[in-house]
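**Student:** The topological domain 'Intravirion' annotation in Swiss-Prot covers 1-20. The transmembrane segment feature in Swiss-Prot is assigned to 21-41. Marked as topological domain 'Virion surface' by Swiss-Prot on the basis of sequence analysis: 42-565. Residues or ranges marked as N-linked glycosylation site in Swiss-Prot (evidence: sequence analysis): N110, N139, N267, N504. Sequence annotations record features per position, and here Swiss-Prot assigns disulfide bond to C161-C185, C175-C236, C227-C240, C333-C454, C365-C375, C448-C458, C528-C539 based on similarity to another entry. According to Swiss-Prot, the feature region 'Involved in neuraminidase activity' maps to 223-228.
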Amino acid sequence: MVAEDAPVRGTCRVLFRTTTLIFLCTLLALSISILYESLIIRKQIMSQAGSTGSNFRLGSITDLLNNILSVANQIIYNSAVALPLQLDTLESTLLTAIKSLQTSDKLEQNCSWGAALINDNRYINGINQFYFSIAEGRNLTLGPLLNIPSFIPTATTPEGCTRIPSFSLTKTHWCYTHNVILNGCQDHVSSNQFVSMGIIEPTSAGFPSFRTLKTLYLSDGVNRKSCSISTVPGGCMMYCFVSTQPERDDYLSTAPPEQRIIIMYYNDTIVERIINPPGVLDVWATLNPGTGSGVYYLGWVLFPTYGGVIKDTSLWNNQANKYFIPQMVAALCSQNQATQVQNAKSSYYSSWFGNRMIQSGILACPLQQDLTNECLILPFSNDQVLMGAEGRLYMYGDSVYYYQRSNSWWPMTMLYKVTITFTNGQPSAISAQNVPTQQVPRPGTGDCSATNRCPGFCLKGVYADAWLLTNPSSTSTFGSEATFTGSYLNAATQRINPTMYIANNTQIISSQQFGSSGQEAAYGHTTCFRDTGSVMVYCIYIIELSSSLLGQFQIVPFIRQVTLS
């Protein structure tokens with residue numbers, strides 16, 4: 001219930017602060033008016049009968065203004081500091097009470113199931129935040145791997161395949177999904193989808209474990225692909241597309257594949273809808289979920305998306321001649337400026353994919369069951385992001401961030417802060433601000449390898465998102481110093497050597513490779529959270545590892561502690 005009231009609480013905060021600002025502006029105007037009138041009166045009195053009486057009147061007015069300003073300062077403090085803290089404390093208290101009630105001895109004695117979909121009290125206030133200051137970020141190290149039971153099932157035959165994990169975590173619970181193919185990993189005709197939800201609990205050793213409370217296996221003949229998942233109040237929401245042909249054929253077509261939203265609640269209610277967002281048909285040749293997780297934001301569920309835009313459509317024309325070159329390129333690329341600009345502009349268009357413009361964006365859906373025409377597509381401006389690719393959305397406090405897979409020519413981790421504009425209660429536009437970094441590279445072939453630093457056309461890379469440990473907005477220049485953690489494939493051209501790391505804008509601070517040299521791997525997802533009891537920060541690194549026994553890949557969750565050295 002608390003999670004469901006989050007949008008209302010956020011709206012009340014905005015209304016309260018807006019009213020406060022209007023009140024303060026009125027007070028300021030009145031104060032200026034009173035001061036102006038008092039000066040005129042003072043002049044008149046001094047010219048007529050001296051200044052004794054006017055000084056008394058002016059002193060009275062000054063005292064009145066001081067009282068007004070004192071009240072105004074108290075209002076500012078209450079609205080900006082005290083009220084948000086009280087709301088956070090109240091939320092934590094309510095969640096703790098609900099957790100305690102649903103696991104009480106009385107319920108257990110009455111044979112009631114005591115498992116609530118709420119994380120342990122130690123973690124509720126330690127989720128979706130920045131965990132270290134800028135100074136602390138310079139001295140972080142990775143702890144050893146912690147042994148926990150895996151909440152991710154693997155293939156059970158040598159021919160089976162589990163791929164494309166997506167994981168989402170909020171204060172209350174987590175949601176997870178991956179694709180299951182019965183024979184090999186290359187299949188655009190038939191697959192199933194595994195979904196689970198659960199909570200974080202402490203082990204007797206003191207570190208966290210992930211307890212699964214509900215699972216769902218979608219095996220109904222619908223070939224859902226590239227699914228992106230998000231936690232929502234009381235359950236999970238998932239965005240998938242239905243694949244019926246190879247990826248290249250999707251881009252060459254003129255109508256996008258079927259788009260689906262699935263809502264799964266903890267009480268076993270399942271709602272699935274085929275969605276038709278306005279502005280997609282006849283504009284997008286194909287539209288795919290970003291595979292990385294989405295977020296629940298102000299009553300809307302936001303998912304990363306990307307696809308191919310048809311030539312001469314309104315979106316195509318609006319993005320014409322737009323390009324983005326990351327800040328770090330200037331000092332690292334030997335091309336002259338004109339060549340960089342020309343190559344950067346052409347990098348958004350793929351001849352392999354029928355000369356479509358490869359575009360990134362956000363799918364925004366209200367949290368309701370009738371979603372057929374309610375979801376919206378919000379494209380990023382291509383002078384703020386690179387060529388369209390898989391991605392992930394994050395919540396850090398009240399801020400939304402975006403990871404974009406480095407499919408294009410710049411091989412480094414691409415993170416952005418996202419601003420969402422609302423019009424008449426609906427998200428209407430998005431903008432992105434890049435966190436400048438020259439770490440951490442992904443592998444690629446030819447001119448698109450991990451060593452490339454100059455603009456050009458690339459369609460390479462691998463999904464490897466990262467978690468920000470420090471706030472990029474904490475520096476005078478946005479993102480000039482930021483620390484983040486994740487996993488990457490430590491090779492220039494091959495998908496090998498999975499390595500967990502902590503890095504900043506310019507260097508890798510700490511790293512640990514998993515397995516022997518040459519170990520094959522693929523996608524990597526990273527999420528961090530804090531145990532507010534011990535104040536320790538943990539990160540879960542979900543990595544696709546190649547397997548010679550069961551399936552081509554096994555999806556494995558690794559947990560490490562991030563510590564100050």
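Note that Cβ sites are derived from N, Cα and C of the backbone, with glycine treated the same way.
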**Student:** What are the sequence-distant neighbours of N504 (N-linked glycosylation site), meaning same chain, six or more residues apart, C-beta distance under 8 angstroms?
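**Tutor:** Listed in sequence order: G137, R138, T437, Q439, E481, A482, T483, F484.
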**Student:** Do any residues at least six apart in sequence from C365 (disulfide bond), in the same chain, have a Cβ closer than 8 Å to its Cβ, and if so which, in order?
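**Tutor:** Set apart from C365 (disulfide bond) by at least 6 residues yet with Cβ under 8 Å, we have M237, Y239, I261, I275, W300, V301, F303, L371, E374, C375, L376.
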**Student:** Can you work out the mean pLDDT of the predicted model over the region 'Involved in neuraminidase activity' (223-228)?
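**Tutor:** Summarising the region 'Involved in neuraminidase activity' (223-228) by its mean pLDDT gives 97.
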**Student:** Per DSSP, what is the residue tally for the region 'Involved in neuraminidase activity' (223-228) in helix, strand and coil?
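**Tutor:** Looking at the region 'Involved in neuraminidase activity' (223-228) with DSSP, the answer is 0 helix, 5 strand, 1 coil.
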**Student:** Would you count the other C-beta atoms found within 10 angstroms of the C-beta of N267 (N-linked glycosylation site) for me?
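**Tutor:** So the number of other Cβ atoms within 10 Å of N267 (N-linked glycosylation site) is 9.
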**Student:** Output the one of C175, C236, C240, C375, C539 that, of all these disulfide-bonded residues, has the highest number of other Cβ atoms within 10 Å of its Cβ.
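**Tutor:** That would be C240, with the most Cβ atoms nearby.
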**Student:** Nearest to C528 (disulfide bond) in three-dimensional space, by Cα, is which of the recorded positions N139, C161, C175, C458?
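**Tutor:** That would be C175, the closest of N139, C161, C175, C458 to C528 (disulfide bond).
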**Student:** Provide, as an integer number of angstrom, the distance between the C-alpha atoms of C240 (disulfide bond) and C185 (disulfide bond).
**Tutor:** 17
**Student:** C185 (disulfide bond) to C448 (disulfide bond): how many Å between their Cα atoms?
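**Tutor:** A Cα-Cα distance of 24 Å.
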**Student:** Around N139 (N-linked glycosylation site), how many other C-beta atoms are within 10 angstroms of its C-beta?
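**Tutor:** The Cβ of N139 (N-linked glycosylation site) has 13 Cβ neighbours within 10 Å.
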**Student:** Between N139 (N-linked glycosylation site) and C454 (disulfide bond), how many Å separate their Cα atoms?
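**Tutor:** C454 (disulfide bond) has its Cα 31 Å from the Cα of N139 (N-linked glycosylation site).
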**Student:** So how many other Cβ atoms are close to C185 (disulfide bond), meaning within 10 Å of its Cβ?
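**Tutor:** By my count, 19.
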**Student:** Closest of the recorded positions to C458 (disulfide bond), Cα to Cα, picking from C175, C227, C236, N267, C333?
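**Tutor:** Nearest in space to C458 (disulfide bond), counting only the recorded positions, is C333.
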**Student:** Using DSSP with the three-state reduction, classify C448 (disulfide bond) as helix, strand or coil.
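**Tutor:** In the DSSP reduction, C448 (disulfide bond) maps to helix.
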**Student:** Sorted by position, what residues of the same chain at least six away from C454 (disulfide bond) have a C-beta under 8 A from it?
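**Tutor:** Once residues fewer than 6 apart are set aside, C454 (disulfide bond) is near V329, C333, S334, Q335, Q340, N343, W409.
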